[in-house]
Structure formats: structure tokens, C-alpha cells
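**Q** Pasting the relevant annotations from TrEMBL:
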- 1-416: domain 'Major facilitator superfamily (MFS) profile' (DOMAIN)
- 21-38: transmembrane segment (TRANSMEM)
- 50-67: transmembrane segment (TRANSMEM)
- 74-95: transmembrane segment (TRANSMEM)
- 107-128: transmembrane segment (TRANSMEM)
- 140-159: transmembrane segment (TRANSMEM)
- 265-287: transmembrane segment (TRANSMEM)
- 294-318: transmembrane segment (TRANSMEM)
- 324-350: transmembrane segment (TRANSMEM)
- 362-382: transmembrane segment (TRANSMEM)
- 388-409: transmembrane segment (TRANSMEM)
Amino acid sequence: MSGAIIFIQEDLKISEVQEEVLVGILSIISLLGSLAGGRTSDIIGRKWTIAFAAVIFQIGAAIMTFAPSFQILMIGRVLAGVGIGFGVMIAPVYIAEISPTVDRGSLTSFPEIFINLGILLGYVSNYAFSGLSVHINWRVMLAVGILPSVFIGFALFIIPESPRWLVMQNRVEDARSVLLKTNENENDVDERLSEIVAAAGMSNGEKNEEKTVWRELLSPSPPLRRMLITGFGIQCFQQITGIDATVYYSPEIFKEAGIENKSKLLAATVAVGVTKTAFILIATFLVDRVGRKPLLYVSTIGMTVCLLTLSLTLGFLGHGQLGIALAVLCVCGNVAFFSVGMGPICWILTSEIFPLRLRAQASALGAVGNRVCSGLVAMSFLSLSRTITVGGTFFLFALLSALSVLFAYKCVPETKGKSLEQIELLFENHHEWQGSEVEMGDSEHLVQKA
């Protein structure tokens, strides 16, 4: 949408407020999908919730492609948002539940990898199709987004259902068969299956006696309260530090820095997409080797420095070549640091810290916080930048990013190498965090190694 919106504005003659609403509504509406996704995935399963998300998104994207007016375009955008809401909530949960412990962090970061790849392909398609007529180019840019989701249809014939969901349905033997596909050692499988059954409360009939999920979430025990603060907080910090403003409005940022040619603007955004995709691959390689917290420290501190430098660049260096170069460097640096830590680890944490009986709906609650914050940032960026300047807006993001460093230090435990059931026990006694806590110095060693 970041490139398409330039031509939508020209073709459909929409106002700046309509532009903000069109960009931001996807994130706001996606919270409906995320809210519904928790319950839906508990009823029909993780696998078929992924399929449902893909179908809704495809319908929305098709409507946007052929939209003759702003109103019809909004309908398609809303449907696409609902589909995305289902997707961003269920994909990390599914992967976390099906992955072996030793590779869970890397595998759970896969959705973020492909989100970044999608952003990059979006930027490339914007650049590739920008030469078409104004009435056609933005439609083609949006239409190509349908193609990747078609592959989900083929994947459904291959991927199994989550073993933890199967246990919740009392299909223990089916769950065992799925676990054997990721672990050939039957003793390990039986041990893991026993942990899952115990966590689901089926071994002693607890399932029928426990409180309803939402009642438990609204009146949490101290361990669950700590989980909710960690999960909901990291989701909100991921967005209020301004990553979606950087992604959606990168052409506006570069225009503010002094780049005026549309092709050059779109070419600069391709550089942002390449950087974002490259560094998420680095995170995938490191997250199960060095842990979640060192990457979070490197990520949040790096983002703070880049956002502050971008703010000062836009505020004081004007439209010269130095200002343009620094602006491009800071935007690329910001998305690089985001992708190496905050981007994937946010979803990894929220998919692994909650108890099995609450995981889907608690993760949905975290995704709602993420989508609301994303929508508020996307829908207010242009208005805010007109009020306090683009540089002032990024100074605000830098302050929030600095707060995210403190949040990571105080509220996020290290979960590397622990099974989902062990992580649940970790929150029972948060004082144990201190014994295995990864401190700030570890991130410094990581930077030196890099």
C-alpha cells in the first residue's frame, strides 16, 4: 500500500484524511480477526483457521483490485484486514505448538520472515508497475498480493494439525502421531505428550472444572498477570515505536528528506524492504543460539539511536545530499534493528509464554493490542507530522523506543531452550528469572561478536 497510495490518491482524488484512514484501517479492523481467531482456532483447529484467514484475505484483495471508488476500496481493505487479523494471531501459535523445543524460536519467527518478504515484494511490485497508467498500476500492485496466499491451499494437504490442539480435543493418539513427525525418539515423544496432557488438564479431569477462559483472563492469577503484562506489553511496544509508520509512509519520509522523483522514492523503499528481509534472516539464525533477550536489547537500543538520528536529520539538515543519505541510512537502520529483534521476538514470546488452555485466546488478546497500536500509528502519522513535523514525530517514536529497552529488562524472561510447559512454570515464580536472566552485558558481547 505504501507505493500504491501515491497513485490511488491521484486516480481516485482522495483527501489526506481518507489516505490515513485507508492505510490505517487495515490494522484497526484486523483486531476483529485476531479476537475471533482465538476462539475459532479452539473450535475448528489451528490448521483450518489458517485456511479461513487466507480465503477472507483473498476476497478482500480481489475487491480492492477492481474497486471503482474509495468506498468499495475500503470494503476490500476491511476484509483484507480481518483476514490478516486471523493470520497474525494463529500462525505463531500453530508453529510454536508443532515445533520441537530446540528450534521453536527460529521456526516461530518464520511468519515474520515472510511478512518481511511480502513487504519487499510489495515494494518491488510498486517500482515495477509504477510505469503503467495511473488507473491500472495501483490495481496491479494490490492484485499480486493474492498470489502468495494461494499456496496456502496446497500447504493444507501437507501440514498436520497442532498436537496440543488435538490433545485438547482428547485425540491423544493423533497428537502422538504428529509429534513423531518432528521427533523420531519415541521416548522423547511420550515424555512430551505426557507434559502436554498434564498441561491441558486431561489427566485428572480438570478440563471440565476450570473457569472459562475469558473469566480467567479478566481475573488473572499473579503468574497469569505477569504473562499478560509481558505478552500484551511487548506487542504494543512493537508498534508504538513507529515501525508501521516507517513501512507505510517511507515515500513520505524520503520526500521530506528531499527526494522528489516518484521512481526514486519507490527505489528507496525497495532498499528498505531488502534491509528488513535480510536482517530477519539473521534473527532466525541467532534466536535459538543466543536467546531472546540479547537480541531484544540490541534491537531496542539500535532502534532508539536510529529514530533519534532520523529525527535530528529531518529537523536540522534540510534537503541536501547529506540529509537524504542520512535519512535513508536511518530508515534502513531502524528496520534492520527491528527485524533482528523486536519484530520476530514479539510473536515468539506471545506464542510460547501462555498456558495451553489459554494460549490461543491470550495470544489473540496480544495481537489485538498490536493491531490497535499499529492502526493508531498509521492513521495519525500524517496528521501528527503536520502538527509537530516529521522530525518531531520520530523524536516521539525514539522516546517510546527508549522505554521499550526498560520494558525488556524488567518484564521479559529468557525462554530459550525451555519447553512450553517449562515456561509456564517459570512464570509461577518470577524470582527464578534472576538465576537465568540474560543481562545487558550479554547483548554487548553479541554486538562484539557481530
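Each residue's number is its place along the chain shown, starting with 1.
Just so you know, glycine gets a Cβ as well, placed from its N, Cα and C.
Automatic prediction, not curation, is the source of TrEMBL annotations.
Could you tell me the structural context for the features on the list?
**A** For the transmembrane segment (21-38), same-chain residues at least 6 beyond its ends with a Cβ under 8 Å from one of its own Cβ atoms are 1, 5, 8, 14, 49, 53, 56, 70, 73-74, 77-78, 80-90, 244, 248-249, 360-365, 367-368, 370-372, 374-380.
Sequence-distant contacts of the transmembrane segment (74-95) (same chain, at least 6 residues past either end, Cβ-Cβ under 8 Å): 21-22, 25-38, 40-41, 46-47, 49-50, 52-65, 67, 104, 107-108, 110-111, 162, 347-348, 350-351, 359-360, 363-364, 367, 370-371.
Long-range contacts of the transmembrane segment (265-287) within its own chain (CB-CB distance under 8 A, at least 6 residues past either end) are made by residues 2-3, 6, 105-106, 109-110, 112-113, 116-117, 119-124, 126-127, 130, 246-247, 250-251, 254-255, 259, 295, 328, 331-332, 335-341, 343-345, 348, 416, 446.
Residues 16, 19-21, 23-31, 34-39, 85, 88-89, 92-93, 217, 227-228, 231-232, 234-236, 238-240, 242, 244-245, 248-249, 252, 346, 350-351, 354, 393 of the same chain sit 6 or more residues outside the transmembrane segment (362-382) yet have a Cβ under 8 Å from a Cβ within it.
Remote same-chain partners of the transmembrane segment (388-409), defined as residues 6 or more beyond its termini with a Cβ less than 8 Å from a stretch Cβ, comprise 233-234, 237, 240-242, 245, 252-253, 256, 293, 296-297, 300-301, 303-304, 307-308, 310-316, 342, 381, 440.
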**Q** Looking at the stretches 107-128, 140-159, 294-318, 324-350, which one shares the most CB pairs under 8 Å with the transmembrane segment (50-67)?
**A** 140-159
**Q** When each of 107-128, 140-159, 324-350 is checked against the transmembrane segment (294-318) for Cβ pairs under 8 Å, which one has the most?
**A** 324-350
